[in-house]
Amino acid sequence: MAAAWMAPAQESVTFEDVAVTFTQEEWGQLDVTQRALYVEVMLETCGLLVALGDSTKPETVEPIPSHLALPEEVSLQEQLAQGVPRYSYLGQAMDQDGPSEMQEYFLRPGTDPQSEKLHGKMSLEHEGLATADGICSMMIQNQVSPEDALYGFDSYGPVTDSLIHEGENSYKFEEMFNENCFLVQHEQILPRVKPYDCPECGKAFGKSKHLLQHHIIHTGEKPYKCLECGKDFNRRSHLTRHQRTHNGDKPFVCSECGRTFNRGSHLTRHQRVHSGEKPFVCNECGKAFTYRSNFVLHNKSHNEKKPFACSECGKGFYESTALIQHFIIHTGERPFKCLECGKAFNCRSHLKQHERIHTGEKPFVCSQCGKAFTHYSTYVLHERAHTGEKPFECKECGKAFSIRKDLIRHFNIHTGEKPYECLQCGKAFTRMSGLTRHQWIHTGEKPYVCIQCGKAFCRTTNLIRHFSIHTGEKPYECVECGKAFNRRSPLTRHQRIHTAEKSHEPIQSGNVSCESTDLIQHSIIHTESSPVSAVNMETPSIAAHSSSLDINGFIVEETLPL
């Protein structure tokens, strides 16, 4: 078929002379962009021909055969009421078996109608395969715009769109597409119409039910109530999600560590811990984040001040919730209590972290060595041990640290600040841990107890060093002779033998001794008295055949002759 326009005293020109048509095989080789370009060009061509046709009136147009034409008195709304979809163009429903006479009329001349039919119920014109002359004929016959002809009289507005897409006559797009890929391509061509506007905020929706759901936000209505606690919700899905907190239902399971979640979004977010994915990247500094909330807060540091200030200490925050959480520090309130041991916390997140101690859960696993951690912060710090990353650098000396608090503590060396002062003797310290250890001198407290012999120590390092006596471990080995020691200090003294370093001289002799114990023993020869009076220094009493001498802070185990 070819629609032609006749101009006075001009030769007849058919639409085929200016149109470009494709076979089914050729059309299938075009991507979505190429198809869209084809439609755009054909619409422009049709528009020009229709404009030319206005001067000559429709009578000059070769009419569509009368047995295929749509009766004039039947409107589009009446077609829809009868269950006829708009993409049948001229009244022929597309979900019937085989092409209709109208479809055969639209097919390219000389082609087999059966060969042009794709995947059963899908017609050519619906997929966009209708020839340009067929579309143009529709424009001329029905006096509509190119867009209306292509998309099935969209000018009738959102009502028709709603009827078709909502399926008032049980008609759905999916029924026409046996292959999902064709549906996706089709939806990319169709304009996304959102005819339902919210009168409160102007937000548009494609379906009326979505508008009704949204409008509840403005009215404050919460029709869905939890029967367990009485809490109300504005959506049924929110109620369903909330009810899982009562019944303990956690249907979403992590395939990596087996951890369960009551929300799919929480599982997705958790899986980023295993994958290391950080999809949220700051455009300003390039820093990446695992969670959107952290990314949003970080962005505010580039663009905004901290509008929420604490009235007690003046510290600023980007969000009011963070200020409220911070203010609990000043009030001393701890509303979140552990049901296992009764310990209370001022943050819900701290309580959750604490509960992992009771459950033994360690969800954060190092991908390098397989070590697992209870807290995410500890996991991040451990990863830096593998990568060697030290992001916190001292501006004074350039020394870098992997932990921020180590940098703050180090900076006190440059400032000379010692903020931690002992109330008993007035001695000041740069670290809280130093003050705590010092106070044990006054209290006599020794919190670190050996589980083997019960001996107590005020420092963990002393306990660890002592425990090697029980285990027999000797990690410090001399590289010269292979002799091993359980402490570093005996190894250091031993190495002087190899280096011929003679650091100690006897009191009355020119002979030089290698070690402090040798010096003590040598002094006995001259004084013929106990080692204590010989060296004139405070040492523990010497037991028979064995003693433990504390010299210069080192605990030295030696067997001394008496």
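Backbone N, Cα and C define each Cβ position, glycine as well.
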SUMO2 cross-link per Swiss-Prot (candidates: Lys203, Lys352, Lys502) | Lys203
According to Swiss-Prot, which residue among Lys287, Lys399, Lys483 is annotated as SUMO2 cross-link?
-> Lys287
Have a look at Lys371, Lys405, Lys427 and find the one that Swiss-Prot tags as SUMO2 cross-link.
-> Lys371
Measure from the CA atom of Lys287 (SUMO2 cross-link) to the CA atom of Lys305 (SUMO2 cross-link) and give the result in Å, rounded to a whole number.
-> 19
Integer Å value for the Cα distance linking Lys209 (SUMO2 cross-link) with Lys203 (SUMO2 cross-link) is 14
Between the C-alpha atoms of Lys446 (SUMO2 cross-link) and Lys455 (SUMO2 cross-link), the distance in angstrom, to the nearest integer, is 9
Can you see whether DSSP assigns Lys362 (SUMO2 cross-link) to helix, strand or coil?
-> coil
Provide the three-state DSSP residue tally for the zinc finger (308-330): helix first, then strand, then coil.
-> 11 helix, 4 strand, 8 coil
